[in-house]
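Here the structure is laid out as C-alpha cells; the discussion comes afterwards.
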Amino acid sequence: MEKLTILLLVAVVLMSTQALPQGGGEKRPRENIRFLSKRKSNAERWREGSCTSWLATCTDASQCCTGVCYKRAYCALWE
C-alpha cells in the first residue's frame, strides 16, 4: 500500500511538471494562476477596489477590506 501511494505521488509530480511547459510558451499573468487559493486576501480586494478602506462608510462587513463594519457606520480595523 505504501509503494502504491509513493507511486501515485511520483506520477502526480511528473504529470504536473509536464503540464507546465505545454502552456504554449506565453507568460501568463500572476492572477490567472490562482489554483491554490479560492478567496482573495484583504490586500488583493483593496488593490482591485472591490472593498472600502479603513474609516470609509459602510452598511455591511463585506464592504470593508478589514471585514469589520462598526455599528453599520464605518469600516474599522477591529471590533
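Using the three backbone atoms N, Cα and C, a Cβ is placed for every residue, glycine included.
Among the features that Swiss-Prot reports, signal peptide is placed at 1-19. Among the features that Swiss-Prot reports, disulfide bond is placed at Cys51-Cys65, Cys58-Cys69, Cys64-Cys75.
Shown here: features listed in Swiss-Prot, placed on the structure.
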residue	record	CB count, 10 Å
Cys51	disulfide bond	20
Cys58	disulfide bond	21
Cys64	disulfide bond	25
Cys65	disulfide bond	20
Cys69	disulfide bond	21
Cys75	disulfide bond	21
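Candidate disulfide-bonded residues: Cys58, Cys64, Cys69, Cys75. Nearest to Cys51 (disulfide bond) by Cα distance: Cys64.
Cys75 (disulfide bond) sits 5 Å from Cys69 (disulfide bond), taking the CA atoms of both as reference points.
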